[in-house]
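Worksheet for the structure shown next.
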Amino acid sequence: MALIVQLKSVTDLRAKGDKIAKVAFRGLSFYTRVLENCEDEARFDETFRWPVASNIDGNEMLEIQVFNYSKVFTNRLIGTFRMVLQKVVEEAQLEVSDTLIDDNNTPIRTCVTIEIKYQTMDGTVAVWNDGEFLDDPNRTENDGAFQFETDSLLSGHSQGSAVSPGRSHLSLHSGERSFRKVGKGVFSAMKLGKTRLPKEDHKNRDEAAILETEDLDRKAMRLGGGLDPDTISLASVTAVTTNISNKRSKPDIKMEPSAGRPMDYQVSITIIEARQLVGLNMDPVVCVEIGDDKKYTSMKESTSCPYYNEYFVFEFHVPPDVMFDKILKLSVIHSKNLLRSGTLVGTFKLDIGTVYSQPEHQFYHKWAILSDPDDITAGVKGYIKCDLAVVGKGDNIKTPHKANETDEDDIEGNLLLPEGVPSERQWARYYIKIYRAEGLPKMNTSIMANMKKAFIGENKDLVDPYVQVLFAGQKGKTSVQKSSYEPIWNEQIIFTEMFPPLCKRMKIQIRDSDKVNDVAIGTHFIDLRKISNDGDKGFLPTLGPAWVNMYGSTRNYTLMDEHQDLNEGLGEGVSFRARLLISIAVEILDTTSTEIMSTTEVQLEQVQNISEYVTGKIEEFFLFGAFLEATMVDRKIGDKPISFEVTIGNYGNQIDGVNKPTMHRRKKEGGDCDEEESELLQNSSEDEAEDDGDLVSVSTTPPMKPVITDRNYFHLPYFENKPCIYIKSWWQDQRRRLYNANIMDKIADKLEEGLNDVQEIIKTEKAFPERRLRGVLEELGNGCSRFVTLANKDQNQTGRTKLDRERLKSCMRELENMSTQAKVIRSQVKKNTVKDKLKLIQNFLQKLRFLADEPQHSIPDVYIWMMNNNKRIAYARIPSKDILYSIVDEETGKDCGKVKTVFLKLPGKKGFGPAGWTVQAKTELYLWLGLNKQRKDFLSGLPNGFEENKAVKGPGLQSFPPISLTYIMKQEFQLRVHMYQARSLFAADSSGLSDPFARVFFSTHSQCTEVLNETLCPTWDQLLVFDNVELYGEACELRDDPPIIVIEIYDQDTVGKAEFIGRTFAKPITKMSDEHYGPPRFPPQLEYYQVYRGNCIAGDLLAAFELLQVPYNEEEIRRALLAVNDFAVPEIKIGPAGKADLPPIDGPTDSERGPILPVPMGIRPVLSKYRIEVLFWGLRDLKRVNLAQVDRPRVDIECAGKGVQSALIQNYKKNPNFSTLVKWFEVDLPENELLHPPLNIRVVDCRAFGRYTLVGSHAVGSLRKFIYRPPDKTANNWSTAAKLMSGCLALTNGGPYSRPTGEITVNMEPEPRIKKMETCVKLDSTSDAVVKVDVPEEEKEKKKKKKKGEEIEEEEPDDSMLDWWSKYFASIETLKEQLRAQEAAAAEAEEKEDMEIAAEGTEIKADESPVKGSKGKEKSKDKGKGPKEDKKKKQQQGDMLEKSNKHKIDELHVYNKELEQECDNFEDWLHAFNLYRGKIGDDDDNVTDEERIVGRYKGSLCVYKVPLPEDVTKEVGFDPNFGMFQGIPNNDPVNVLVRVYVVRATDLHPADINGKADPYVVIKLGKTEIKDKENYISKQLNPIFGKSFDIEATFPMESMLTVSVYDWDLVGSDDLIGETKIDLENRYYSKQRATCGIAQSYSIHGYNVWRDPMKPTQILTKLCKEGKVDGPHFGPGGRVKVANRVFLGPTELEDENGLKKQTDEHLALIALQHWEDIPRVGCKLIPEHVETRPLLNPDKPGIEQGRVEMWVDMFPMDMPAPGPAIDISPRKPKKYELRVIVWNTDEVILEDDDYFTGEKSSDIFVRGWLKGQQEDKQDTDVHYHSLTGEGNFNWRYIFPFDYLLAEEKIVISKKESMFSWDETEYKIPARLTLQVWDADHFSADDFLGAIELDLNRFPRGAKTAKQCSIDMVLNEQELPTISIFKQKRVKGWWPFVARNENDEMELTGKVEAELQLLTAEEAEKSPAGLARNEPEPLEKPNRPNTSLSWMLNPMRIVCILVWRNYKWSLLGFLAALLLLLFIVLVIYSMPGVISEKIFNAGR
């Protein structure tokens, strides 16, 4: 799709003059050429084309503006023509003539005539022919767009066919004007598609593209009808920068393959603790495993919550891919010892790549979830808390500060999972189906096979392939298919692994089975992230069925394969190996199902064969290639004939390639052969129909003997004959995949180029980068929308897999979303947000690149091999998608049908290092790949002007594709190369310098610059002229798209070959013979080109290039006319013959340098006079030169040919400082600061007999930071800030203040704690303001509480209890809070931005409240949060309140980095320049800059234009001898007392076999060395040293302090763990006063005693005097005035006895703390601090070996002596005694069954211990036979322990084993464990349950057993907690818990206990006995009788049991018995009674 506008003419112009027109559409503007001296009419006749990505809307506008052109002033607008494109959209073609309107929208007489055409892709509007514009009969000879160049007459019509691909027909495409990127951009990584800069003194063409500041806003407002400047966007400069003719594509500048090269890596792992391990009474050990390396922690006994805090380090030297695929496995093993391996509890796996991809390459304090690989139904098996970090060379890991760690008990919130991975991962099955393979190389690697083949001649299939899949540390294999090149497996390998997996890549290998050694045939990696999507509408990993292509070594039949590594997947494959048909699917398992297998072992199953058509219909593809040039062929190859072989898959391969599948195969693969042939014939053009069937592929060019170009290179003499290749191949038609990837690649390329533009604009400080960024975003939005339109086609294509469908959906979603976001961000781009938005858009680029990488392959990549004498020498690999043809422009590969410069490189490891940097051959290659049916246009992209030569197949028959092309069009050019300068080149000589010269290659020509000796910044200032450069093709194409120039820079060596330094590419600006040599394009401007050495930048080249056409003479033209008699010749402008017509070369040749031409005046930069002042201070740490010590050094400074020498240092050992401090020299430097040459510093040693030896050198690449700019008096920087500030203060403090004018008052409360808030007010001296600091909230809170009578738990401790460590820990808390606040703020800002984007995306305006963090916002946020978050928030608030209630301790500043980083290396006036000597090593891994440093030069520079303003030199006290370096101190030697405090070290690298170290400190300064060896700390990687060392030193001789940490060894020498070096001199002389940090408050006693010998008032007075500042003036009422600042503060000081006295010290201290606010001289003074410095080991360069926390104080010896050093010795742990009384238990589960009665009972006892002291565990007696779970004990445990209150840790010292030399100290959290057990006589006791109480925070016990519940454990976070260290005594009921079979917590009992904490002294005063013993005995428990032993009274027990169980039965039985007895008695007595009654009746 395109809009094409032909601007024909502008008539009725009012005045004579030069005219230029601008045509703009969619923000992209094109300019016409300048028409000179136009009177009434300007005939432009130029055509402009806008490729459009989305359909044109009828409301869009085209705008044409006509200007009067001026070379000096701004172009003046004549009038504007605007047109709505509605009619164009409807009719597709329109001719318009209309009048212009002026600024006032009034029509004027001037009239414009244009023709517009609109071509849509889908043909919805009329179709038209490109050539239609050529029919204009009125065309003049000045035609700009489609000028019939002289050369077009030479084309010759050799072919009679109507349309010949070689014919020079003029198309729109080739005829457009080329518009160049203009602007003053100087830096460019590679300006191949970009052009040179116009001359600065001329107005450039496209103001928009130029980004000139002047008038642009005004113009935009005027032309854009009142547009807001913040909405103007600069659309694509890329459309302008990309060459319009589009016949060439960019070469790749980076040569060396980076993959496959080994690098150093260090993996450090800290196992802190484990929790909730599943199992009873465990003895857990953690095993850390990476690959084959295993390391174990120590064993912890009887605990499911072990605490380890053990540190492990693994080191590797492997390629990155291998490293990142390694699996890190953490396993917990129960009861492992020497004899048994133990049982596995659970494991956790992730790959190293996942860790490396985290922020800072680490997981810090995260919980890893353990699962059981043998039982996937089991659930979570526990958690391990650990730190993981992966460090590569040069990575700097910022370890979060470690001290006083409060345990992150929120396990769920801190899981060890990457962002985006759900916390609850599920088990899943991964099915990898392996169907079959094709195209395996016909080889067998086994020696026996080769012998067999040699002797027997047996040549059957010798490969026994099988497929091996590696995933997540597991390996699966298919069966072996014996003797098969096309094996069929139909098998699936099943892995069972968690989902989502934490292992990103799956490795699939085809291997050859062998009795001796299996070998890889090919390897393919599948990145699971690319075949799945984790979004809301995402999909599980899926792939195929699809073919994957495998690449590796060449397919040679050699006994040993030198490139075998490539087959293993290490490095870029150099040949096609095979392709494999696979599919991947994932199924999430339902672990509750009973049917699933619970093991994770790899399984292998058979699967059904799949249909042939599943992977797509087989199509015939046609690959065509033409070699237009082969130059820069390495002469090492030899002069045997050279040919090139092109292969695609196995097609074209000469060794075992296939030419065409057999008919049987074709039928088998592609269906009905006849049908396909007939279809092919119907789609072919007539001339190819008859011969196509027999087309034989030609894959190799004819061998040709090379010709010498120069000393290093050959070239092949192709001249006008260009060899061609063509290959037919058959592949499944999966082009849609590649098309989609191409569209996304093109969007990404355009975005990348746009972002580079923006960065260049920012870098070169040009105006309006935001406008260009808006343009980039517009292009991105349009491109994304276009993708959505295009990608939706071909939905029902055969062979589409699930992944194809899902990927398409997700890509469309992503790009649609990106399009929306781009539009939103575009509206947010403002001048101040450009850099932030740039970072955001970089993420888009990464996402696009990720999406564009298609995981399912289709057509294999194309390989080009250079063959010499049948040997494969060098290759290039070209992705097939890059050359794939499509009828839709956006889908076509970026190099399809274009000439690409391809550099061939050496294969495999041969390509590493220097060999990889040299070019083996440079080819200009044209490639076209597409369906055979579509091949009719395969030649259309070639440069025009050729004839085709076809092979003769028989009498009168020719093959259709040409076997070669003959160019009959030839142009002659002169190339001018202006080599001005190079900078920061690579040091190639042992002197640390180079002798550089440049070699320039263009086509088959080559020239060299002169050699400049001993410099890294050569200024060649040389013009190289290449005459008789013959280029083939049409002139206009060559103008738009000339070939590239290669510039190689070498180091000349006196002996041997010149050494390669680096290479860069450039494109020349081309001038045709009829063009005017003048602005804006000519003369070209110098530009910087980055020089690359392999993949590394090796400097910059400043040069310009122009290609000038040499006109033909009349005789040649006459001959051409005769040859082309059938061609209608228009009028031709014929210039004078030969080179006389070329622009003259200015200036004579340089007389001094012989026949060397200098760079002409118009091109070399405009110069101004500058003065460079040099401060010579001294030289430091000079190493020996040629084994001799440096004795009399001198410094030479050189810049742009001028320079100055320092005074000679007479004796370097005695005093390495210079006697003369300041010298200067004047030099001519370019006006443009970016073009300033480097300044060279060289140090030479003056030896006897006038010899000079170079010691070392340094090149200052940029002088910008040393340029002095006189202050601008008109600007009032702070006045606006002051107004705002005072206004704001008046508002907040209730009205304005009255104050004296000109003063700024800083009011500090008398409460010292506020000083921490550091109120800084940066205001201008003319304004005034008062800052009042309110009492903080927590103070008010406290007061309120006191009023209410509430209890404040912790009373403020007495000062005597506080020490330096109190201050340190309080400071660390503050540091952590700051870090947390920063993270929270960053997260909030990100959230806010996301909300804004979302709001704008849905057209809802976000709340723009000016008050940040307003209550309203917070409320609305809180509403959205769930109850859980609310609770968390409340808890955090509670924590904060608790913290705020703590006593305020004075703090120091803890820097978590080196102080130098914080303070810019203390280079405020004295700079240190490293001096280098020695060659930079070739192997990146082994040589570092540090090793090349031979010393340092200390001094400074000041660069300024002369003359300086007078007011600078007339300042008071200006000393002309010191120039701009006024007020610098003397550099005589000075004696200093250096006091070094070493606090502690963290994360030391283990130095002993046991994974620990025995560290001690060594301090070295000058010749003094202090070894603290006797105080080594045993087996500790985080030692606390707490030492101070005093050393007397003399600066400058002894100024480099080295603090080392060594590992003590009993036998042998001690090993260095790491060291850090501190330059004390720069600190000493810095204006930031780094000698002794300024404390937060002034105190004369106690823990915070002032340690500087100078009091604050003395320091302030000295600073004022040195800075010539008025003050200090101390006034009444606590006021001090310094300059115009007034500081208020307290004036009372309390001494040791509590007496208060008046002092000014507090006031002075406040002034010092705000010294940066003092005008002119102010800077931030260093506060009292502790700095954290990395420890490095020279043997392991670049990798941190730990960190040391320390600080240094320095005191001049001529001042009063300082007081004694502060005591920072480690706190001794305090001795405590914990008494635990176990009173009772209740509801303990009953474990035992009664033998006789089966009744449940338990023999209960309780066990207790303090964590880490399991061996000292204590048990109660046994409460036998508890039938109710009730137990009575009255039993006391006593646990003495040592405790560090500040760190909340118990300290244990014990020997690790019987062989240990001394005790090791452990620090363990204070946790009490209580367990309840069931005692058994004959078997092991049964564990019933446990409770672990953290003595610092545990839930308060319940008052009764009933109130005690399991919630006290489960919801521990939500319950109020208490600390035994505060409560001292606590009693209550706590639950015992254990896990049941379902892995859930259940209540197993309750315990009533009493905890009492006493200090050792208190325990001594009131002793208590263990158990129930004296003193303070406990009474015996009242246990029921049943608890007596069964054996003592068995009968009673039986009676009791019988009664208990059969009570009612017994009662019933007794009742029945009595009744029976009664009845029996009745019956028995009845007869007697009756008889008695009868007989005695009468009585």
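The backbone N, Cα and C atoms fix where each Cβ goes, and this holds for glycine too.
Taken verbatim from TrEMBL:
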COMPBIAS  672-694  compositional bias 'Acidic residues'
COMPBIAS  1388-1397  compositional bias 'Acidic residues'
COMPBIAS  1402-1432  compositional bias 'Basic and acidic residues'
COMPBIAS  1973-1982  compositional bias 'Basic and acidic residues'
DOMAIN    1-98  domain 'C2'
DOMAIN    247-368  domain 'C2'
DOMAIN    411-542  domain 'C2'
DOMAIN    957-1082  domain 'C2'
DOMAIN    1153-1279  domain 'C2'
DOMAIN    1519-1637  domain 'C2'
DOMAIN    1758-1909  domain 'C2'
REGION    657-702  region 'Disordered'
REGION    1332-1359  region 'Disordered'
REGION    1383-1445  region 'Disordered'
REGION    1964-1985  region 'Disordered'
TRANSMEM  2008-2028  transmembrane segment
Task: Per-state residue totals over the domain 'C2' (957-1082) - DSSP helix, strand, coil - done: 6 helix, 60 strand, 60 coil
Task: Remote residues contacting the compositional bias 'Basic and acidic residues' (1973-1982) - C-beta distance under 8 A, at least 6 residues beyond either end - done: 1781, 1784, 1823, 1832-1836, 1966-1967
Open item on the list: Check the domain 'C2' (957-1082) against the domain 'C2' (1153-1279) for contact, please; criterion is three or more CB pairs under 8 Å, pairs 6 or more apart in sequence.
Closed with: yes
Open item on the list: If we skip the immediate neighbours and take only residues 6+ beyond the ends of the transmembrane segment (2008-2028), which ones have a Cβ under 8 Å from one of its Cβ atoms?
Closed with: 2002
- [ ] Output the single range from 247-368, 411-542, 1153-1279 maximising the number of Cβ pairs under 8 Å to the domain 'C2' (1758-1909).
- [x] 247-368
TODO: Would you report the average pLDDT that the model assigns to the domain 'C2' (411-542)?
DONE: 84
TODO: Work out, from DSSP, the number of helix, strand and coil residues along the domain 'C2' (1153-1279).
DONE: 10 helix, 59 strand, 58 coil
Task: DSSP residue counts for the domain 'C2' (247-368), split into helix, strand and coil - done: 14 helix, 62 strand, 46 coil
Open item on the list: Looking only at the compositional bias 'Basic and acidic residues' (1973-1982), how are its residues distributed among DSSP helix, strand and coil?
Closed with: 0 helix, 0 strand, 10 coil
- [ ] Would you mind splitting the domain 'C2' (1519-1637) into helix, strand and coil residue counts from DSSP?
- [x] 12 helix, 53 strand, 54 coil
Open item on the list: Summarise the domain 'C2' (411-542) as counts of helix, strand and coil residues per DSSP.
Closed with: 17 helix, 56 strand, 59 coil
